[in-house]
């Protein structure tokens, strides 16, 4: 386990290609030597012995021949696995994130590389998903090659550079590239390697077309050429290749994953070379080898904290094609001056992004003479090219952000890096909205809608909310049942399909909520005025109204366009106070201004009735097998230094959530019945089975009675088996964190692209059909659903003309932007908390161990709700540490040395759920803080 700051090899060597037609080619002895030293195992030596017998030892590089003889004498510690973070439901980027959207989903200028422009006319025949803005004809084109298929195991070329940099780039000690800085990548030659076909396929002779390297001053090829579009299409159909989105571990950048088609376990890509210049989020095509020949991917470190050496033999799975460059190719980072070079080195803060050579002409004019002045200045760079013979990308400097560690420059960097459009809306876009204010509903529109303005309808939202897009009503009927309504702002009335406003909204796809501000999907005039269901104001809505029994049984339902007048704007706290004091007579001054037509006691009774029905609906959902995985949400809404608010879930919040869920499910059924080939729904695949099996084995060994057979049994287990003391919630959070690892992402999709209805299911909700309907102000997917719903009711023509391909394209865009939005929200929270630690730290807290690796362990800091990794090598006063495991359970023994203060040595045993005392402190790097475990008082 590499700790931060420890230099790491940027690329793993891969097996070289040998064959009758290539025997005269130059040998990559440097790559082989490194491969031998990195994979010092019985299994690998056995393979080399067999290989030497087949090829003849005289054909082997000298370094490899020496390795066969002397490898047993080398004392190279085995490399262990860091955690393989798996995205959970709506989370991404490996980062733990709240599971609220799993259950409800409610509350909350790329430059084309020059060397890749050659085949831009060959991109029309690939039958793969290609719906984003950066498709194969925009920067992801394959290099021109005559390959006929993916590379088999024993013919796969695995060369790489082995150069020691003359300049130590301290700004990025553990970044992906650590090779020769003298390499001039501005005129990188193209390599003409021909990838070979899978086993049994034929390939024309390619004599004279060996990759360059070795002699004549040419550079060695680091990355394989991409396959052609035709070959990718052919081998995808044959099942020899797999397409998916690549996820790169942010804590260990050389580990990457794509989802396996069988849903059992992620496909593991080991090393920078295996990724073949793909960046996080890109849609890639990967060659898959037979199970016995490929590397077993690491399991989450909370389950299997270390892997056996035999499981670390080199993997040949690699990216052979980039279908779509989802990553923005923009990064924040720092500039490093390189003497006697025509470029500077840009070191991204995100180590998953390569270092970038930036022309000096792009740098500040005094940068070459005064580079020290820019040590802590944050820049934005964009990658324009990444040659196949270099570990370094090429790019241009886009912007100087400002001083690192300050909120606004860091925030702007986050937004640009995740391709969030935060520009002001243009005059053309604003011109699509009503220009005469205050706006009133036209009389002809009123005649076409159900008039609900005299009903007791109200909103319940956070106290600071300004875009009020949902309202509730609950009226007692003479027969003892209730008429219950969910009323959603009719954004589709104002956003005409195909105009400039619709286009920008479809590109943004979601509002982005940061700690200190919101980047809206739609102009504020529309969000906060025209569509916001403000009290005592007539507003256009889309309503779902049920006749429902007190026990929560639905007797009938109605969908339609309506007009309402909210009688009061309640906050969650207002509604909570009503729920907690059912018999209290609230005075008018205890609540916001109410409509005179609806007294306070009428509103109070409606809230209590809604609460009672919501509790029954919620109980029924979980009895039917729904799952909720709530994780700690620390700094997510407001942070006023040095005060931090931590959110708690109120009954009033759950009340609203329950009826939003009900409306979403009802609308999903309605639009699917009407448009079975083009309904926009939201599905949540079941968790990966192999990871669930590993977690089940771990829980059994820990004595935890957790049933993973279904979403419902898992939910029940998590709420019944963790004791009843002051640390119960902490243990539940740790276990919830573990359970979230195998979960897959929930996603939007068009029903026409999946052939089986069983694939539509939402695992966490345990329902067959689900969609998003209730937040059209901040989610474009909901706006599309509104149009489909209107078309299904024959009250809007355009929605019925939508094509399935268009719906799926927009679904993909919404998925991408939702993932980016969630990550931006997390990074914003981390940014503010880092500033809080800097301003108010060091901070002491109790913590609970969440996972154990061989040289580090993860903790949940209980007081602040953050998760941090503690590296044993960095602990002051620690004499030794030892990792060991029994089955799936890992343990760590820390031995603290006696010190000058007279304290004797201390032995400390750590395992999952152990309580430790930690301290959060700044570590000298802008916007970074670390956690250290405090020395215990017990003696040996």
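Indices start at 1 and increase along the chain as displayed.
Heads up, the Cβ atoms here are built off N, Cα and C, so glycines get one too.
Heads up, TrEMBL stuff is auto-annotated, nobody curated it.
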Among ranges 1-31, 249-279, whichever one TrEMBL labels region 'Disordered': 1-31
Set of same-chain residues at least 6 away whose C-beta sits under 8 angstroms from residue 461 (Mg(2+) binding site): 468, 569, 570, 571, 572
Mean per-residue pLDDT computed across the domain 'RNB' (449-795): 89
Intrachain C-beta neighbours of residue 469 (site 'Important for catalytic activity'), sequence separation six or more, cut-off 8 angstroms: 488, 489, 491, 531, 532, 533, 774, 775, 776, 777, 778
